[in-house]
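Written below as structure tokens is the structure these notes are about.
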Amino acid sequence: MLDLKRIRSNPEEIKKALAGRGEDFDVSVIDKVLQLDEERRNILVEVESLKNKRKQESAKIPQFKKEGKNVDDIMAEMKELAGKIKKLDERLSEIDGSIEYIMLRIPNIPNPNVPNGDSDEDNVEIRRWGEATTFEFEPKAHWDLGVNLDILDFERAGKVTGSRFTFYKGLGARLERAVINYYLDTHIDEHGYTEILPPYMVNRKSMTGTGQLPKFEEDAFRLEEQDYFLIPTAEVPVTNLYRDEILNGSDLPMKHVAYSACFRSEAGSAGRDTRGLVRQHQFNKVELVKFTKPEQSYEELEKLTKDAEDVLQGLGIPYRVVRICKGDLGFTAALKYDIEVWMPSYNRYVEISSCSNFEDFQSRRANIKYRENPKDKPNFVHTLNGSGVAVGRTVAAIIENFQQADGTIIIPEKLRPYMGGKDVIK
């Protein structure tokens, strides 16, 4: 959520910054917010004036009674004032609701370093690591090779549940688990993150705090009776861990890593990546979340991105890092990097991690603040997060990049201790 004071102070600057955001966002809502805000402030002045008048009239009553004067006129006027105040308070409540409704739907302001552009084709490549894998034979897609090796079963998952679900079997299940443990151990032991194991269901306030609601409710799986949501990412519960709290400035930056299953309806993605592990309704992910002071946040974003890159380098998977343009930035981020791994079956790089700085956009929604000293005025933290990284897509990348001519898969060295010493899937 944006700072209303900032909108009030620089409305044209805000509208210019949000133009071309790629969110089908109508900048005229900024004018609507300002109109409501002005009405609200005028009503507050009027209410204060009426309350002062009521107080003055009320103060006359004891003296009138002492002097034996009739107070009926004063009581009638006070009743009339109370009625006016009640009506104005009701209007204030309506305005507050309207302002909140609009503010929750205004996207974040892009950082000045965000490239201009309308789609992912306009994202800017920052760097690459490794060379795109080439073969002296015709490589197979992971969905074919995984089935051939009996480590992935899409057909039976479709029978048991439906499309976009998978059974991992045998060494496939063990490979998935190995990737999870390798990622967690590296981020905890080498990068200094504290592990969190979060709930897989959250309430509506949590989904609103991180920005999934109200805009993206159709993408979420909801339990109607409880009004709980299956988490689309561990970002939601881990960020909301400190909702409505004031953190100690001396504890910042705080760094958390969390493994979780993630659940997404993938509304609007019909026909996209329908085969394999790339776009599933349920998938595993290791998430990195940071809480920082404002002046630290962009340095910490670079570190977070490097941490995500580091685990991919350890596996030897070729990747590139791109800076996301305005039109592809998404709703909540101020600046975002995508890490994309090379996928031979697609003959292109495929996103495996998004690393974002939300500045104070989420912390305003979730009311997460910090202060240096007990008597200091609290300020909003900056929140950051990134996949560290998506596990199913990692498995897909391993299968495709490390496949051999005989249909076997070489297991990356970093994973072998988690695989009982095995070095090949056959």
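Even glycines carry a Cβ here, placed using N, Cα and C.
Swiss-Prot lists Thr233, Ala234, Glu235, Glu287, Ser387 with the feature L-serine binding site. Around Ala234 (L-serine binding site), the same-chain residues at least 6 positions away in sequence with a Cβ under 8 Å from its Cβ are Ile196, Pro198, Ala258, Tyr259, Ser260, Cys262, Lys285, Glu287, Val289.
The ATP binding site annotation in Swiss-Prot covers Arg264, Ser265, Glu266, Glu351, Ile352, Ser353, Ser354, and the record cites sequence analysis as its basis. The Cβ of Ser353 (ATP binding site) lies under 8 Å from the Cβ of Ala308, Asp338, Ile339, Gly386, Ser387, Gly388, Val389, Ala390, each of these being in the same chain and 6 or more residues away along the sequence. Ser353 (ATP binding site) carries a strand DSSP state (E or B).
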As a whole number of Å, the Cα atom of Ser354 (ATP binding site) is distant from the Cα atom of Glu235 (L-serine binding site) by 12
Around the Cβ of Glu266 (ATP binding site), the count of other Cβ atoms that are within 10 Å: 15
Go through the binding-site residues Arg264, Glu266, Glu351 and tell me which ones have a CA within 10 A of the CA of Thr233 (L-serine binding site). Arg264
Fewest-neighbour residue among binding-site residues, criterion Cβ within 10 Å, set Thr233, Ser265, Ser354, Ser387: Ser265
C-alpha of Ser265 (ATP binding site) to C-alpha of Glu235 (L-serine binding site): distance in Å? 17
Chain-internal residues, separated by at least six, CB under 8 A from Ile352 (ATP binding site): Leu312, Tyr319, Ile339, Glu340, Val341, Ser387, Val389, Ala390, Arg393, Thr394, Ala397
Around Arg264 (ATP binding site), how many other CB atoms lie within 10 A of its CB? 20
